[in-house]
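Annotated features, as they stand in TrEMBL:
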| type | residues | note |
| --- | --- | --- |
| DOMAIN | 89-259 | domain 'Cytochrome c assembly protein' |
| TRANSMEM | 6-29 | transmembrane segment |
| TRANSMEM | 36-57 | transmembrane segment |
| TRANSMEM | 69-88 | transmembrane segment |
| TRANSMEM | 95-112 | transmembrane segment |
| TRANSMEM | 127-153 | transmembrane segment |
| TRANSMEM | 173-192 | transmembrane segment |
| TRANSMEM | 207-226 | transmembrane segment |
| TRANSMEM | 233-255 | transmembrane segment |
Amino acid sequence: MSKVEVIFYWLAVLLYAGSLFMSAVKIIWKKEQGRLDLYLATAGFLAHTAALLYRWYRVGHGPYVDFAEVVPADAWAGMAGFLWLCYYKPRFRTLLLFVAPATMLALGAAVLNSDQMESIPLTYRSFWLYLHVLFAKLAYGSALLAAGTGAYYLLHKRKGNNVAEVDDLTYRFLALAFLMLAIMMITGALWANQSWGRYWAWDPVETWAMISWLIYGLVLHLRFTYGWRGEKAAWLAIGAFVLIIFAYFGVPYIYQSIHEHLK
């Protein structure tokens with residue numbers, strides 16, 4: 001990882017930390033500070049974006065080869081979705097208390113584990129891979145938003161606030177995550193066939209991705225068939241997101257996989 005990337009990443013961490021502090025000031029100490037927390041998070045996101053774009057320019061490929069690229073890119077997708085949600089529905093800014101620390105940890109881990117391969121094999125230069133990566137990011141971002149709105153629902157329901165709209169948003173993000181996971185698996189299978197002559201090999205990450213997709217389908221089924229809404233849906237959204245994190249980052253540490261770059 002170049003010095004320019006490191007500087008941008010640590011600048012992003014500093015700005016995210018500032019947004020976290022201002023959010024805590026508002027929530028814990030009940031001191032109004034306008035939208036400063038959101039503006040600091042946005043500035044951090046711009047520094048985060050600059051680091052990813054510079055690396056893309058420097059190494060000649062997108063952020064999908066090794067840990068130092070994949071993790072910051074996933075954190076970027078999550079933060080992008082979160083900021084969109086906050087500008088669309090400012091009430092969700094309180095979730096900065098959860099999103100900012102997770103993003104800071106992801107960037108710190110990437111910087112500290114940056115001495116990895118930057119060149120890519122020919123199999124990584126594929127149109128289907130680009131689509132596979134794109135929809136993987138969209139799936140992760142949608143799952144994060146579903147879990148975030150689920151957490152918001154649980155926190156504010158107990159305060160007696162009206163959170164019916166939040167429950168509806170959680171459902172929408174769950175449905176989007178289900179769709180994005182499906183397209184991610186389809187494009188991944190097409191890439192695998194192009195590169196290795198098979199669509200599916202029961203690779204551990206492939207298998208757990210399918211399990212995650214089935215779980216999201218089950219959550220939607222329970223909502224439509226048995227009316228599992230509100231707190232049940234919120235807890236399921238959070239649990240399903242934890243499963244995605246395990247499938248994406250935990251499985252490669254446990255099993256041998258073609259997705260070794262996620263380590």
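Glycine is no exception: its Cβ is also placed from the backbone N, Cα and C atoms.
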Model confidence over the domain 'Cytochrome c assembly protein' (89-259), averaged pLDDT: 85
Outside the transmembrane segment (36-57), six or more residues from its ends: residues with CB under 8 Å to it: 1-2, 4-5, 8-9, 11-16, 18-20, 22-23, 26, 63, 69, 72-73, 75-76, 79-80, 83, 86-87, 90, 93, 96, 100, 103, 107
Leading contact stretch, 6-29, 127-153, 233-255 vs the transmembrane segment (95-112) - CB distance under 8 Å: 6-29
Same-chain residues at least 6 beyond the ends of the transmembrane segment (69-88) whose Cβ lies under 8 Å from its Cβ atoms: 9, 38, 41-42, 44-45, 48-49, 51-52, 55, 62-63, 95-96, 99, 102-103, 106-107, 109-110, 137-138, 140-142, 144-145, 148-149, 248-249, 261-262
Beyond the flanks of the transmembrane segment (127-153) by 6 or more, those residues with Cβ under 8 Å of it: 62, 64, 73-74, 77-78, 80-82, 85, 92, 94-95, 98-99, 163, 166-167, 169-170, 173-174, 176-177, 180-181, 183-184, 187-188, 190-191, 194, 216, 230-231, 233-238, 240-242, 244, 248
